[in-house]
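Taken from TrEMBL, the feature carbamoyl phosphate binding site applies to A:50, A:51, A:52, A:53, A:78, A:113, A:150, A:151, A:152, A:153, A:275, A:276, A:303. As annotated by TrEMBL, N(2)-succinyl-L-ornithine binding site applies to A:145, A:179, A:239, A:279. Positions annotated as domain 'Aspartate/ornithine carbamoyltransferase carbamoyl-P binding' by TrEMBL: A:6-163. Feature annotation from TrEMBL assigns domain 'Aspartate/ornithine carbamoyltransferase Asp/Orn-binding' to A:187-312.
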């Protein structure tokens, strides 16, 4: 048998276009493979709260006829130890090796949401938690967002781009936006990675100090000039992230990066994208969010079909 | 298409007797329409804890073959913003407009339990949270108790009254009872509203200062004399509520309103009703609660069939 | 009809060997009785957190085609009153009599995890909570671990012993091991009770002061000498428990009872057992836990089939 197939990033996808098409098929006919998941169980494991990811993944699994077990480790479970060789006489109740192995015995696929510490960059960018979990899991693992990536969101975003795009070479812009709290770089990293893998022309605008890790953005045009980036844009994805260099830091210096109607005037009647939840009148103004060009609800809707495509691939052992 | 049908109060019900009969049919044959809910999803959303409502609604949906997703916003979700135009740079993570719209994309019906602030009467009686949620939802919404009403409880209570009543014109009494904490008026408002809509002769007894909003009680006899109210009663529903005028206030002045066996002697061998959970020997004495005339467990049992009738109506687009 | 059959301890099992065989059959063919649970609902009620028990029980119920409703009282529910006649004007919101009766109306079987106070020995050993719940429940109750016993774990352990044993009279050792916090005696009590009921030769080793209640251990050899106990052992089950006499106390005096590779050399190439979660390098060293002779994951795996055997018995009214 081959090594277990997981879904942790775009690197686990051979042909991005093929997966987008599959998601699109499920959107047309969600119950096309309703018996594929019979007697199969999806374990959905959360280490921090979730709304869209939780409900869309559960729905996707149900559409495929899978049994779903949801577990919130915050409230229901325990603190996991990740260090090999640790003498566990402190607060950790169980080693991730046992937790991941045991959950694998009750589930056919495990979907897990972990989180960035935003304090230990090395640990976050090594995906310490997720990679430990994967190391000990004995069934396929689906990332529901990890410390540095959010591939299910990105696949949903790629479906949305495909559905909405009418051009041969649209200009896609990813723009930083302000936010009162420190947020991970996961959505931005992942959107860049998938957009580039799908062959889009990507421009990333952010203030000085908010550079992303180049591994994810290589091939994109980078600028500190938001207005220049927006000119002629066909799609504008806004998202906050905290600094990568001064890891996890936020300043209020760039609060004027809020996307508003005047800035949207610079674009080529661009579609507006965001992964939600969105801080209204901070990330973007109501005018932008509520415009007919806003795709945010369609992106959320597409989460179900992205998750369904991923589960289908893992259940049917297709790559 | 008509406007979306919701179940928020008795006003959403054309013929109360018809809905009670439907609930009664489901009690006889819970699986009569087991395929109606195939490939339909009920989202059950809680903003405060629940036992009966949670389990009976989940059971009702399963009886109809629906898929159920339960989400507790307290522990799993986020704080929602309700103000239009708010600059969301504080603690609210998501606007209710996005939350309600997005959940609508994953569910065919949304059942939601909200709560009274008991500090802001205007907000509570405008049903600010529920009406915002309904405004943005794109699928039918079922109230699992809101700030001022608890229609599913009332429909279950109406079924219980119908099953137990042997008279052409029974005397139904709703009596205030003491409680150590401030509670909403929702159950009392709703019981009054449904009892009157169903054509019962209703007497409401409460101490001075505990008047309910007249919109819900118009048509009932009101008295401050509990013993007088109990005389000749066929059904006695006891319930605590905090003051409407001095909104949310409680005093210990009326602790003698506890319903006990001596008071029940005044009635016409009345059946005892309460929606649970009940504070024993505070709301009513053990003697009353444990008597053969106590209907409290039957009321709880009927919650399943009330919820099933409501879900059936919404699924089958019947009114 | 007979009194309701429950699964609270080995005493509810007529023939231990028969139940072990049934669990073994479900391990071979988990879907053999997939229609037995149609239109039956299992309520899984937790009063403290759980990973294995939660997921394995839910899986077992699904394998039998049951509908499952999970409720965590910690986060979702309320504080229950257990005293008869209490005037409930304090923090308890509902009496266990109503809670157990009402849940019985929504479920065909109730599985409940309660916990030891570790401060009130009399209350714990009277199984006050569980026995109150059972008293008021109107459907069969399955213990998912109670104050003093953990029968589902033990049935899984018995299956593991049967699968792994190659001798006519293997030596089974239960050894106390250190732990930083006070833990219940439930797993140890229950393992002793089942092992003895299944006819195994059991030796229990623990430091002075950690004696278990003799009701559960009668028939076992007891020793304070861990090394002597290990000599010639075929199976070594390690587990921490706090003192029964100085109830709930722990000392750090016996930290050298950690099971390590050198101690395992004393055995007859013994298999290593633990119920998980395990504190690595406190209960036992990594060397022991990760050895090929370690059965811990198999024990966890067998939890599903133990639970399935129990649910099958209750659903089919077999004893």
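Note: Cβ is positioned from N, Cα and C throughout, glycine not excepted.
Separating the Cα atoms of residue A:275 (carbamoyl phosphate binding site) and residue A:179 (N(2)-succinyl-L-ornithine binding site) is a whole-number distance of 14 Å. Shown in sequence order, A:143, A:186, A:187, A:190, A:275 are the residues of the chain, 6+ apart in sequence, with a C-beta less than 8 angstroms from the C-beta of residue A:150 (carbamoyl phosphate binding site).
With an 8 Å limit on C-beta distances, the binding-site residues from A:50, A:78, A:145, A:150, A:152, A:239 that reach chain B are A:50. Residues from the set of binding-site residues A:50, A:52, A:145 situated with their C-beta under 8 Å of a chain C C-beta: none.
Looking at residue A:179 (N(2)-succinyl-L-ornithine binding site) and residue A:50 (carbamoyl phosphate binding site), their Cα atoms lie 18 Å from each other. Per-site Cβ counts within 10 Å over the binding-site residues A:239, A:279, A:303 peak at A:303. Here the Cα atom of residue A:78 (carbamoyl phosphate binding site) is found 20 Å from that of residue A:145 (N(2)-succinyl-L-ornithine binding site). For residue A:179 (N(2)-succinyl-L-ornithine binding site), the Cβ neighbour count at a 10 Å cut-off comes to 20, with all displayed protein chains included. In terms of DSSP secondary structure, the domain 'Aspartate/ornithine carbamoyltransferase Asp/Orn-binding' (A:187-312) contains 48 helix, 20 strand, 58 coil. Of all Cβ atoms in the shown protein chains, 25 besides its own fall within 10 Å of the Cβ of residue A:145 (N(2)-succinyl-L-ornithine binding site). A Cα-Cα distance of 17 Å separates residue A:239 (N(2)-succinyl-L-ornithine binding site) from residue A:52 (carbamoyl phosphate binding site). When the alpha carbons of residue A:50 (carbamoyl phosphate binding site) and residue A:145 (N(2)-succinyl-L-ornithine binding site) are compared, the span between them is 10 angstrom. Ranked by Cα separation from residue A:279 (N(2)-succinyl-L-ornithine binding site), the binding-site residues A:52, A:152, A:303 are led by A:52. A 10 Å cutoff on Cβ-Cβ distances gives residue A:152 (carbamoyl phosphate binding site) a total of 26 other Cβ atoms nearby, all chains included. Sequence-distant contacts (6 or more apart, same chain, Cβ under 8 Å) of residue A:52 (carbamoyl phosphate binding site) comprise A:276, A:300, A:303. When the alpha carbons of residue A:152 (carbamoyl phosphate binding site) and residue A:145 (N(2)-succinyl-L-ornithine binding site) are compared, the span between them is 8 angstrom.
When averaged over the domain 'Aspartate/ornithine carbamoyltransferase Asp/Orn-binding' (A:187-312), pLDDT in the model lands at 97. The binding-site residues A:50, A:78, A:275 differ in how many other CB atoms lie within 10 Å of their CB, and the one with the most is A:275.
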